[in-house]
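Participant: What Swiss-Prot records for this protein is below:
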| type | residues | note |
| --- | --- | --- |
| BINDING | 6, 7, 8, 18, 65, 97 | GTP binding site |
| BINDING | 97 | Mg(2+) binding site |
């Protein structure tokens, strides 16, 4: 099972690349890697990013998005890594701007997936908040690759397009025993300031 850290966004709203922003002296991407490593669930953790940022990561497993799908958002990162690892049975996806994700959240979602896998033949297990799904904290089966490819070749790179074609189920973020901010993504500097005040 591989983990994909999505870190290819332009971070326009934040003002600088979010992967290298810091919480308590630790970069977002380092925090996410450390959390994923602590679960002992993954045989490889891969950072998905763009050519401009790739050399700035102090980490060996960095993959640049497929050049045919530049600037097509997070689906391009998932697509690129799934294509490179056709033998893999499952992928966990998390965005780099979710620095407070916990190992407990990852393992809880995995247990949810496994418990529903046989009965529901799930392709995707994701979290949801107030009825809205969070596609960038989710497990994806390789079966999702076809729907992702189709979306990337259309003019709509929305996860909604992908999810409509797949067997998907959701776990509420409140079902995780963790601080209430564990799943929050940081879009603006004031989001980070507010998070730091809570820590």
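Using N, Cα and C of the backbone, Cβ positions are placed for all residues, glycine too.
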Participant: What is the Cβ neighbour count of residue 18 (GTP binding site) at a 10 Å cut-off, with all protein chains included?
Facilitator: 25
Participant: Enter the number of other CB atoms within 10 angstroms of the CB of residue 8 (GTP binding site).
Facilitator: 29
Participant: Among 6, 7, 8, 18, 65, 97, the annotated GTP contacts, find the widest CA pair distance and round it to a whole Å.
Facilitator: 18
Participant: Taking the Cβ of residue 97 (GTP binding site) as centre, how many other Cβ atoms lie within 10 Å?
Facilitator: 23
Participant: Just to be sure I understand the packing, how many Cβ atoms besides its own are within 10 Å of the Cβ of residue 6 (GTP binding site)?
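Facilitator: Step by step: centre on the Cβ of residue 6 (GTP binding site), count other Cβ atoms within 10 Å, giving 25.
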Participant: Could you tell me which of these binding-site residues, 7, 65, has the greatest number of Cβ atoms within 10 Å of its own Cβ?
Facilitator: 7
